[in-house]
Amino acid sequence: MSLQEVLLLVLAFNAYAASATILVVRKRRFEEATTIASSLLSLAVSLSLLASQTGVVELPLVPFISLMLDKLSLMFSTVVSLIGFFVSVYSVEYMRGDEEYQKYYSLITLFIGSMLNLVLASDIVYLLLNWELVGVCSALLIAHWWRRPEARRAGVKALAMTRFSDIGLLAFASIAVYYNSTNISSTLASGNMVERLTSYAPLLVLAALGKSAQFPLHTWLPDAMEGPTTVSALLHAATMVKAGVYLALRFYPLIHASALAVNGLLALSLATILISGLAGLASMDLKRILAFNTISSLSLMFLSISLGETGLAILYLFNHAVFKSLLFLTTGKIEHTLHTRDISRLRSLWARGFRVETVGFLIGALSAAGLPPLTAGLIKEEIYSGLETYVGSPIYHLMTGGLSLLLSLFIMRPFVIAFLGSRGGHSEMSVERTPLMTGVNLSLALLTLTAFLPTLILATYFGIVFEPVLRLAALIGVLSGILLSLSLPYLDLRVGNRFRGLLESSFGMDVLYMWLGEHASATLSKLASALNRGRASQGVVGLVAVTVILVALAMVVSP
């Protein structure tokens, strides 16, 4: 076995081993150290392979379980390990005093491990297995504080909504098994197989959009903020929601060959940017605002993929991972100290002693807003320029300017209100000394400011032509959003409670989903009751029999 294959095994399975070890040894210091060591080992191996890897390495283990090293999987594993390491270190102080720390650390390492195996999988069945494991870990971590009803509901909601979209990947994997084409690289390298599977590409889009919280399956992500902020940072920056983007990038040849998949991805991405931007503009919960920003950022990645600019999606994904983890972890320190996320109550945080958090949040917010010369802003402008081939001027300029204005305004709004707003009776306070949390935030802030260098290295590694050009429409939109946000404390702009609720619920979609869930539950309950009494059993058996026959006929006559 070569050194690369040994390192691949370490990268894939060390987190699983760490998770199992934590369950056996019940000592906080041991569990903290094991989690940090596991993520640090994954990061070291990823960087080592990233620096030395030149081709594609496949390592079959058992049937339906095989691993693959290529540029895309290595880039993702590096991002997952990097953010996982920062979150692990931050958790030592953030989760201090939590009674269920053993469960937390075991799930965190399992979460990281399942995401690593997802991106390293070279078999669609193994990818599906880890895809589901990522979803289960995510739901359990969201509901970590399960004694709170909101946390339990958020965990169940995340699991239920993503399971619906996961039907797409399950169906696609079943079709791949039927065609005996579960090896991903072999399938994508075969022109005949790509042509045969192209008509099923919308199934992949469904799975990707649901996992990455895109319209209309996006409403679970803001509610997921009921979990620990460390979970939110990992969920948004490196795992779970990034799995959908990975799926779209990995199967891009199939998606690109399907006009329905590409056009659907383009339309839903633009719709999601608009809806999430308006919802974020109305929200008063700092973590929910960051969640809506994540949704819009993921939409930009999908927009870039639909436009054929996969390289820009990869570069933006890396930058988003850094600035989004910075935003969440600065927020975590504030919530950890003040026990609130309501921006109307978090007035003048700078004056109240949160100096590092204010500077860190500002850097992250400006990067999220897309302000050049911060790297994320330069990439965002390049993505917007791709729209020019689909829409003409001046509509193009109005669209990019409007999107830039909306996205910059809604991420700068909480900064102005919470960090710079009037004290409202609050005095300067003694902020708890948390050297690990502060060190992580400073490191992420520095990485956000200097992200241009690793972005250029990534661009060279992937052979991406990245020559950013400032475009007037997008720049005006970003600057207008920032300036307008600065006027908020003076204009005292408010959204009526009813209107705010309408926007935050994505124009009533949450209410619709609750209604559908209740009625579906009632219908299934009645059906189960009827079956229990012996009624309707013949009809159900007949329906199942007809369905099986139709599916069998379809498989027989399919090419």
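Placed from the backbone N, Cα and C atoms, the Cβ positions cover glycine too.
The annotation transmembrane segment is assigned in TrEMBL to 6-26, 33-52, 72-92, 104-122, 128-146, 158-179, 233-252, 258-282, 353-375, 395-421, 442-466, 539-557 (among others). What TrEMBL lists as domain 'NADH-Ubiquinone oxidoreductase (complex I) chain 5 N-terminal' is 65-105. For 121-381, the entry in TrEMBL reads domain 'NADH:quinone oxidoreductase/Mrp antiporter transmembrane'.
Within the chain, the transmembrane segment (158-179) has long-range Cβ neighbours (under 8 A, six or more residues past its boundaries) at 124-125, 127-128, 131-132, 135-136, 138-139, 142, 187, 193, 196-197, 200, 202-207, 209-211, 217, 219-221, 223-224, 247, 513, 517, 555. Remote same-chain residues near the transmembrane segment (33-52) are listed as 4, 7-8, 10-11, 14-15, 17-18, 21-22, 69, 74-75, 77-78, 80-82, 84-85, 87-89, 91-92, 105, 108-109, 112-113, 116, 461 (criterion: CB distance under 8 Å, separation of at least six residues from the stretch ends).
According to DSSP, the secondary structure content of the domain 'NADH-Ubiquinone oxidoreductase (complex I) chain 5 N-terminal' (65-105) in residues is 29 helix, 5 strand, 7 coil.
The list of residues near the transmembrane segment (6-26) in space but at least 6 beyond its ends in sequence, with Cβ under 8 angstroms from a Cβ of it, reads 34-35, 37-39, 41-42, 45-46, 48-49, 57, 59, 67, 69, 77, 102, 105-107, 109-110, 112-113, 116-117, 120. Residues belonging to the domain 'NADH-Ubiquinone oxidoreductase (complex I) chain 5 N-terminal' (65-105) score a mean pLDDT of 90 in the model.
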